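Participant: Among the features that Swiss-Prot reports, divalent metal cation binding site is placed at H162, H166, Y183, D357. What Swiss-Prot lists as substrate binding site is Y183, V184, S185, G186, G187, D215, G230, E234, N329.
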Amino acid sequence: MLVLLIVFFNSYYTHCSHHSLYSFHCTPPDPAMKQSPLHRPSRPLLALGIEGSANKLGCGIISHSPSPTGGPTLVMVLSNVRHTYITPPGEGFLPSDTARHHREWVVKVIEEAVRKAGVRMGDLDCIAFTKGPGMGTPLQVGALVARTLSLLHNIPLVGVNHCVGHIEMGRQITSSHNPIVLYVSGGNTQVIAYSQQRYRIFGETLDIAIGNCLDRFARVIGLRNDPSPGYNIEKEAKKGKRLVQLPYGTKGMDVSLAGILHSVEAYTKDKRYRSWDQVNDVEEDIITPYDLCFSLQETTFAMLVEITERAMAHVGAKDVLIVGGVGCNLRLQEMMGIMASERGGRVFATDESFCIDNGIMIAQAGLLAFRMGNTMPLEKTGVTQRYRTDAVHVAWRA
């Protein structure tokens with residue numbers, strides 16, 4: 001693999017399969033707010049980000065440029081390429097198999113990202129990679145490639161916390177200033193608020209993450225993993241007609257989801273349950289897979305809305321930013337929107353290009369850290385599977 005990288009990265013690159021150019025102006029600071037210590041760049045800065053903490057392998061290139069008019073920094077997404085490891089229905093993804101996928105695709109994904117951005121490796125100011133949290137062996141693939149590129153081209157390295165990447169990309173795209181953040185994905189469920197250069201965790205799952213809960217139930221009822229189990233649950237939930245009783249596990253601002261998963265799985269052994277090929281319009285007292293998808297979503301999402309509202313009340317926030325793969329779910333956005341509007345606030349969310357794991361969010365967070373002078377020596381670039389969100393010093397925010 002190292003030989004492939006050396007041969008490949010000494011050449012010039014340019015196109016990729018699916019990409020749009022995004023351009024954003026940073027929102028001008030409110031004079032009443034504390035001023036960010038982040039200075040405007042004196043020249044265009046480029047960062048390449050590599051993400052591979054789970055089954056998504058992503059690479060993106062972002063630029064931060066001074067505004068020609070002297071206004072806020074201009075942020076441009078130059079490329080955002082992703083390849084997903086998809087397993088057969090009923091199967092999850094193992095770390096070793098996922099790492100094998102990443103090793104097979106990493107050169108191709110980076111090649112597409114660099115070619116699409118229309119830049120050379122020598123143009124980059126820093127290389128950012130996901131340091132954690134995530135699955136160990138897939139994380140190591142991204143870190144190894146980042147180190148190799150750094151050594152080949154003498155480019156500084158920045159290790160990025162996966163969750164902070166989600167938050168910073170979400171803030172950039174939506175122009176949300178200081179919302180409560182609901183971070184919901186396959187490996188994480190956290191309610192977060194910013195304070196004193198840390199993203200503070202106010203509540204989280206006590207056992208499994210919401211995305212893991214949905215994915216595991218999708219496997220039980222035989223849903224496909226393409227494009228993702230959670231998306232397929234969302235689609236089938238729209239056909240549900242019956243809300244079955246499930247335990248409701250909120251504890252303060254924390255949630256417990258393992259018991260709900262066990263309970264909804266138990267309904268598949270109920271004598272009233274009819275599998276996909278047995279559903280008909282004749283029987284009345286039946287439970288269908290559609291009903292279970294609907295019930296699981298409604299119950300778990302109600303819990304997420306409740307703990308988010310508690311955090312909002314605690315810190316006096318009006319707005320919510322939903323990040324992470326489950327944040328793409330339109331029903332979750334709708335339920336959160338109802339709650340936020342009742343409090344006179346708003347919900348911010350992104351589309352699948354940015355809410356699902358991607359390399360551009362790592363590039364964004366990495367470039368923010370780089371602009372504050374934060375880089376990593378090679379010996380500090382090991383991965384951290386349990387890298388807490390609140391362990392990161394967010395030096396670029398006031």
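Every residue gets a Cβ built from N, Cα and C, even glycine.
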Participant: If you measure every Cα to Cα pair among Y183, V184, S185, G186, G187, D215, G230, E234, N329, the residues listed for substrate, what is the largest value in Å?
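Facilitator: About 18 Å separates the two most distant Cα atoms.
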Participant: For G187 (substrate binding site), what residues in its own chain, 6 or more apart in sequence, show a Cβ-Cβ distance under 8 Å?
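Facilitator: When sequence neighbours closer than 6 are ignored, G187 (substrate binding site) has S53, A54, P133, G134, A209, G211, N212 within Cβ distance under 8 Å.
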Participant: Using DSSP reduced to three states, classify Y183 (divalent metal cation binding site) as helix, strand or coil.
Facilitator: strand
Participant: Closest of the binding-site residues to D357 (divalent metal cation binding site), Cα to Cα, picking from S185, G230, N329?
Facilitator: S185
Participant: For G230 (substrate binding site), what residues in its own chain, 6 or more apart in sequence, show a Cβ-Cβ distance under 8 Å?
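Facilitator: Expected: G186, G211, L214, D215, A218, G325, V326, C328, N329.
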Participant: Using a Cβ cut-off under 8 Å and a sequence separation of 6 or more, which residues in the same chain sit near H162 (divalent metal cation binding site)?
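Facilitator: For H162 (divalent metal cation binding site), the qualifying residues are E51, S53, T130, G132, P133, G134, D357, I362, Y387.
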